[in-house]
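Here is the structure we will look at.
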Amino acid sequence: MGLAGTKIKQRFGNDPRNTNWSNDTSRFGHQYLAKMGWQQGSGLGLVSHALTTHVKVSIKDDNLGLGAKLHKRKANGDGGLEEEGTAGLDAFQRILGRLNGKENVVNKVLDNVRDDDIINGKWGMRFVKGETLSSTWDKESKKLISYKNIEDDGKKSRKRKADESETKEDKKTLKKHKKEKKDKKEKKEKKKKKEKKDKKDKKDKKNKKDKKDKKDKKDKKDKIRTGSDETLVSKESSATPPPIATRLSARSKWIKQKRASVMDSKALNEIFMITN
């Protein structure tokens, strides 16, 4: 795959095929020829079967002269023709070949050039035929030639037996290894399950113990609180009510003392001076 060439910008106009002027029937030339008897689609010469289209000129984007590319190719020793020259050059070569009596040769060369251009162009692909090397192919037997050292049948059989025994041993060891691996996995899973269960049981026991301790503490606190409340109530009931500080407190005190003296028999005897 080659490198990309330089980009060339192309700008297309509104009429890239340059057909608007020929299709326009309102032009002076078209109307003048129609008045002279000319009709659309007929020839432009004296005879009716002459050219019906205008002369088409291809754009030449280089400074090379007519046949320069062909001359360059002949100088390189190719001796062929190409279609990359100016328009009409192939037809000119065919005419010259026909005049020189080499029409078939020239036509063949031109066809080959056209085919090569198609193959080597943008969409062309070259394929390499996949064949075997001549040194490794026997044409008579039509088989590949093997250069390996030929071993005896006995050696081959011994080797085959050894390979079979090795494969059997490998299978046994592999099976044993798989079984051991499976047993280890099962033991590991059982151990994990047991550890999980033990942890859960320990946690449950701890939670139960904590709940019991909390309950005992709460009961003790309640008992202490009820005992203190009872003692306070008894103290309050046994204690005398505090004196009321009012304006009649002095009189109530005097009345109380008087009653106390009346209630006491010993005090009454002293008052009335009675001796036993």
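We number each residue from 1, going along the chain as drawn.
Even glycines carry a Cβ here, placed using N, Cα and C.
Listed in Swiss-Prot:
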type: REGION; residues: 1-23; note: region 'Disordered'
type: DOMAIN; residues: 25-71; note: domain 'G-patch'
type: COMPBIAS; residues: 152-172; note: compositional bias 'Basic and acidic residues'
type: REGION; residues: 152-261; note: region 'Disordered'
type: COMPBIAS; residues: 173-218; note: compositional bias 'Basic residues'
type: COMPBIAS; residues: 219-228; note: compositional bias 'Basic and acidic residues'
type: COMPBIAS; residues: 229-239; note: compositional bias 'Polar residues'
| request: Tell me the residue counts in helix, strand and coil for the compositional bias 'Basic and acidic residues' (219-228), as DSSP assigns them. | output: 10 helix, 0 strand, 0 coil
| task | Count up the helix, strand and coil residues in the domain 'G-patch' (25-71) according to DSSP, in that order. | result | 12 helix, 0 strand, 35 coil
| Any idea what the model's mean pLDDT is for the domain 'G-patch' (25-71)? | 81
